[in-house]
Amino acid sequence: MAKADEPQPHPPKEQLPNVSYCITSPPPWPEAILLGFQHYLVMLGTTVIIPTSLVPQMGGGNEEKAKVIQTLLFVAGLNTLLQSLFGSRLPAVIGGSYTFVPTTISIILAGRFSDTTDPIEIVLGFSGLWRNVTRFLSPLSAVPLVSLVGFGLYEFGFPGVAKCVEIGLPQLILIVFVSQYMPHVIKSGRNIFDRFAVLFSVVIVWIYAHLLTVGGAYNGKAPKTQISCRTDRAGLIDAAPWIRVPYPFQWGAPSFDAGEAFAMMMASFVALVESTGAFIAVSRYASATPMPPSILSRGIGWQGVAILISGLFGTANGSSVSVENAGLLALTRVGSRRVVQISAGFMIFFSILGKFGALFASVPASIIAALYCLFFAYVGAGGLSFLQFCNLNSFRTKFILGFSVSMGLSVPQYFNEYTAINGYGPVHTGARWFNDIVNVPFSSEAFVAGCLAYFLDNTLHRKDNAIRKDRGKHWWDKFRSFKGDSRSEEFYSLPFSLNKYFPSV
């Protein structure tokens, strides 16, 4: 027995403590609106980066780029609302996904364009098949998956800051100072600085960047420097229409190619695995209980609907859970569902008012990259927090954890490095769609680490009772069923008494 004066370990917590507003407790309306606008600003980063990569390769100019950004925002707002109302019920933003970009570029380079309307997530989610898969997920196997959902995006962090270091580095320093130090320097008691650190820091650095731009600091600089630094880059404001409502099939009738469809299905499956980790991180930072497998499967099904909608509207990209917005939940300590629903309203509103949306989209890319440094770190740390349920003195735990994380970093590094040098992946046959089916999953850190940890955790002596405790499985037993814990109904039940017609098991 431990002596009274000996240090005691921190007790594991099923719900994250010290969260100001959990998933079901909305902040006051003025505060909720400002927090929702913050989520909208963060969402803009991915929304601008993806069309910047895709549209020029499709032969489009600034006008087409502005229309794609409007469409991405509109679809993201719509899908976020659907997910928060009928899907996982989590405050998760559903937006454009980097996972689909390599496959989409590959299809474009092949001289074709297929809409990303594959059924794999709808089938796996709504049929309950993904529920059966995630029932075998333990805290131990969740650690590599969730951690590398965040840490695996490191290439979009400081490398993006360094592309315009005179803007990116001040943004990174300022947001850390405002969010972590200012609350202790100026004790207002209202959590203003940590809760609205994004607004404070982005506005200050954005004004500074605009002064550099109008002062001619970037005149004559290389195009890459101008893209990362200028506040008037890409001509988005001039090209964007004042009012435009995105609509289905706006680029013409959808096309279909069997081979490319299989490639997109694999990209969708990778996004499914990554979003599973992101959903787990969001539930943690929203101070909800662990997600029952049926709820996780329902959320994946609605993400499949989101991909279907993306294809119908022609976003040239699929949808997944926004990792950066998951990190923003941690920074603000506000996991309220209402805040994210308000942000969805901003997405839809500013997607219709094109000029205003383009104005906010003019935030330099290096500012967004500085925010990513913080948000991806929070999501990665959220994954590491599940180690509190595991036995870290077990050599089995050390092997699964270390090997899966190591391979999750090194395998994608090889695939991505090979592609950067040669222009194509290690698997390079005459069938481009087959190349994508193999190269895309092995280029995702979260996919490799998560699948490997899941396999090892469920095959290495898992039936031993002592090992079951080592992997932390006993902590999640009561959440295997929707009715296993009364809090599940509070956090995840459907609105309008829909649980009567669509029961969760």
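Backbone N, Cα and C define each Cβ position, glycine as well.
The transmembrane segment annotation in TrEMBL covers 37-56 (among others). Through the fold, the transmembrane segment (37-56) approaches residues 64-65, 68-69, 72-73, 76, 93, 95-96, 98, 101, 104-105, 108, 196, 198-199, 202, 227, 234, 236, 316-317, 322, 324-325, 328, 332, 339-340, 342-343, 346-347, 350, 360-361, 363, 365, 368, 371-372, 375 of its own chain, all at least 6 residues removed from its boundaries and within a Cβ separation under 8 Å.
Annotation comment: TrEMBL describes 68-86 (among others) as transmembrane segment.
Sequence annotations record features per position, and here TrEMBL assigns transmembrane segment to 92-113 (among others).
Summarising the annotation, TrEMBL assigns transmembrane segment to 133-154 (among others).
What TrEMBL records for 160-180 (among others) is transmembrane segment. Counting residues 6+ beyond its ends, the transmembrane segment (160-180) has Cβ neighbours under 8 Å at 193-194, 197-198, 200-202, 204-205, 208-209, 212, 224-225, 228-229, 331, 364-374 in the same chain.
Here TrEMBL flags 192-211 (among others) as transmembrane segment. Listed as Cβ neighbours of the transmembrane segment (192-211) (distance under 8 Å, sequence separation of 6 or more from its ends, same chain) are residues 20, 31, 34-35, 37-38, 41-42, 167, 170-171, 174-175, 178-180, 182-183, 186, 229-231, 328, 331-334, 363-364, 367, 371.
If you look at the transmembrane segment (261-282), the same-chain residues 6 or more away from its ends with a CB under 8 A from one of its CBs are 88, 90-92, 97, 99-100, 102-103, 106-107, 114, 116, 118, 120-121, 124, 130, 134, 142, 145-146, 148-150, 290-291, 296, 299-300, 303-304, 307, 318-323, 326, 329, 335, 379, 382-383, 432-434, 436-437, 440-441, 444, 446-447, 450-451. What TrEMBL records for 261-282 (among others) is transmembrane segment.
Look at TrEMBL and you will find 339-361 (among others) tagged as transmembrane segment. Long-range contacts of the transmembrane segment (339-361) within the same chain, counting only residues at least 6 positions beyond its ends with a Cβ under 8 Å from a Cβ of the stretch, are 21, 26-27, 32-33, 35-41, 43-44, 47-48, 66, 69-71, 73-74, 76-78, 80-81, 84-85, 91-93, 236-237, 239-246, 325.
Away from its own ends, the transmembrane segment (367-387) comes close to residues 16, 42, 44-45, 48-49, 139-140, 142-151, 153-154, 156-161, 163, 167-169, 171-172, 175-176, 179, 198, 202, 205-206, 209, 277-278, 280-281, 284-285, 323-328, 330-331, 401, 472 of its chain (Cβ-Cβ under 8 Å, at least six residues beyond either end). Taken from TrEMBL, the feature transmembrane segment applies to 367-387 (among others).
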